[in-house]
Amino acid sequence: MVVLFEDPRELPLATFLMQVFITLVVCKFLAKLLSFIRQPQVIGQIIAGIIFGPSILGNIPAWTNAIWPASSLKTFSLIANLGLIFFMFFLGLELDLDQIKRSWKITLPVAAVSIIIPVGIGCAVSLWLYEDNGGLSTSKAAFILFIGSGFGFSAFPVLATLLNAMGLLNKPIGIQTISLAAVEDIVVWVILAIASAFSSGGSALQGLYTLLLTIGFIAIMVVIIRPILKWIHGYYMRRNNDTNVYLVVLCFLLLVIASFTTEVMGIHAFFGAFVSGLCIPRKGELTDFLAIRIELIIVEFFLPLYFANSGLHTQLNLLNTGKAWWTLVVLVLMASTAKIVPVTLVSKLCTKKPWFYCLSMGVLMNTRGIVQLVVLNIGVELGVIAPKIFAIFVLMATILTFLTSPILSLLYRKNYDVNKLSTPNVAQELRMNRGSEINMAAIEGSINDIDDIETISNGRISFDVEKRSSFGSRKKSVSNVVAHSSSVMFDNHITYMGSNRSLNRQDIEDFFSATEDVHPRASNMTRF
């Protein structure tokens, strides 16, 4: 008998490819659908994972046997975790430490309360949840640290997507919020590394030994590996070839070695991947070259697989008591209060901005998603978090992320770009964000060059520019405005005398919206 087609369930590769196809199609469909109600695609990916798991379709034997047989789960989980390693490397690449240094007077105080208070409350909550942790014989210290991390930290990539969709990523609130999320990202992975060290169930001395190894690993990467890589990168930069294939391969080798080292140390491969991303030199085109090329395959291929794998471990049917749902409501309220209130108050104290601005920062920092689910999944893999606690926290992360977008739209009343929510380009978004502080400096200098401003009753404004060449040389100013003459007039459009260029009213409003937080005179100019 001639067999035309083999049974895909008997072929591991065919089974995996079938799972990938179904996962990608469902995730993209849900992401597009949810973008119309102003939700980032991570919500669709989380929901798709829950649909695939035992909460819904996983209860159907035919579905499980045909699509997700037990023999295939190990391979699928391995590929999904490989995607997580590359994602952590990508996050390390995208963190701009120089940006944090430039705004440290605001970033550090706000980040401190944004971390200490929520994580502290999360650790206190973990003592309440520990008795409901399914009787797992795990280290109590590890459980406290995992729950504290899952309770208290924001989601860096989801924030970038939301801000970009609202056109706020390169505005002052976007720059400040991304800086805060960057600091949180660094701290959360350090805490998680410590939690992983204590999760083995060994003695306190063993945990301390692993912690010292972790500190030694960070020191070697920062003090030895990073300068060596910087020197090699400088060699290629002097030859205008800093994207040389050998240098790119060296970066990936560093990723592999660092991930392997932290995995055998007993923490997790993700931590080595994150630190290796931080060690890549920022000058030149290398980071852009790497980030833009690996982003698409990570965000559109690996992350949906990771969320599908997460959904296979999410058992919402375990929440079958009133106590479980009451616990969920309490956790949502406590997590929101612990994050929004401190960030809002300290932001007001440090920035002197309007209350709606500071409240918006608090709402944004209350975004959960990828980071929280990564923390929880690692806790499940290490046997620290029970399935019931995991299901409660997955729902909490989904609800908090779901609420961020509509609340923020009420505060800012901006229109969303649906395409940016369903198909985000995080690398390009953060490229814009990194350049925005240079833009602000250019605007401030340009405003300082204005020697005389005159407001006319018919709404037309004219001003003289004393230093035209200085103003015209700033190519990176907002809206890329270049002035070639001393006379500028505003009506329904703006015309630069002596040039053929004109901008519409929306361009003008965007220009002054960006400048009003930089120079007080700019805020007065917007009232025309």
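Glycine is treated like the rest: Cβ placed from N, Cα and C.
If you look up TrEMBL, you'll see 24-408 marked as domain 'Cation/H+ exchanger transmembrane'. According to TrEMBL, the feature transmembrane segment maps to 12-31, 43-63, 75-95, 107-130, 142-166, 178-198, 204-229, 241-258, 324-343, 355-378, 390-412.
Residues 40, 42-43, 46, 84, 87, 110, 114, 146, 149-150, 153-159, 162-163, 173, 176-177, 180-181, 184-185, 188, 192, 196, 268, 270, 303, 306-307, 309-310, 313, 335-336, 339-345, 347-348, 385, 390, 393-394, 396-398, 400-401, 404, 407-408, 411-412 of the same chain sit 6 or more residues outside the transmembrane segment (355-378) yet have a Cβ under 8 Å from a Cβ within it. Using a Cβ-Cβ cut-off under 8 Å and counting only residues 6 or more beyond its ends in the same chain, the transmembrane segment (324-343) has close neighbours at 110, 113-114, 117-118, 121-122, 125, 129, 132, 151-152, 154, 180, 318, 358-359, 361-363, 365-366, 368, 388, 392-393, 395-396, 399-400. Same-chain residues lying 6+ beyond the ends of the transmembrane segment (390-412) with a Cβ under 8 Å from its Cβ atoms: 38-40, 42-43, 46-47, 50, 55, 147, 150-151, 155, 158, 162, 166, 168, 310, 313-316, 318-319, 324, 327-328, 331-332, 335-336, 356, 359-360, 363-364, 366-369, 372-373, 376, 379-380. Residues of the same chain lying 6 or more positions beyond the ends of the transmembrane segment (204-229) and with a Cβ under 8 Å from any Cβ of it are 139, 141, 193-194, 196-198, 250-251, 254, 258, 261-262, 265-267, 271-272, 275-276, 278-281. Ranked by the number of CB pairs under 8 Å to the transmembrane segment (12-31), the listed stretches 43-63, 75-95, 178-198 are led by 43-63. Where the transmembrane segment (75-95) meets the stretches 43-63, 107-130, 178-198, the count of C-beta pairs under 8 angstroms peaks at 178-198. Long-range neighbours of the transmembrane segment (107-130) within the same chain, counting only residues 6 or more positions beyond its ends whose Cβ lies under 8 Å from a Cβ of the stretch, are 100, 140, 143-154, 176, 179-180, 183-184, 187, 191, 327, 331, 334-335, 338-339, 342-343, 345-347, 349-350, 361, 365, 389.
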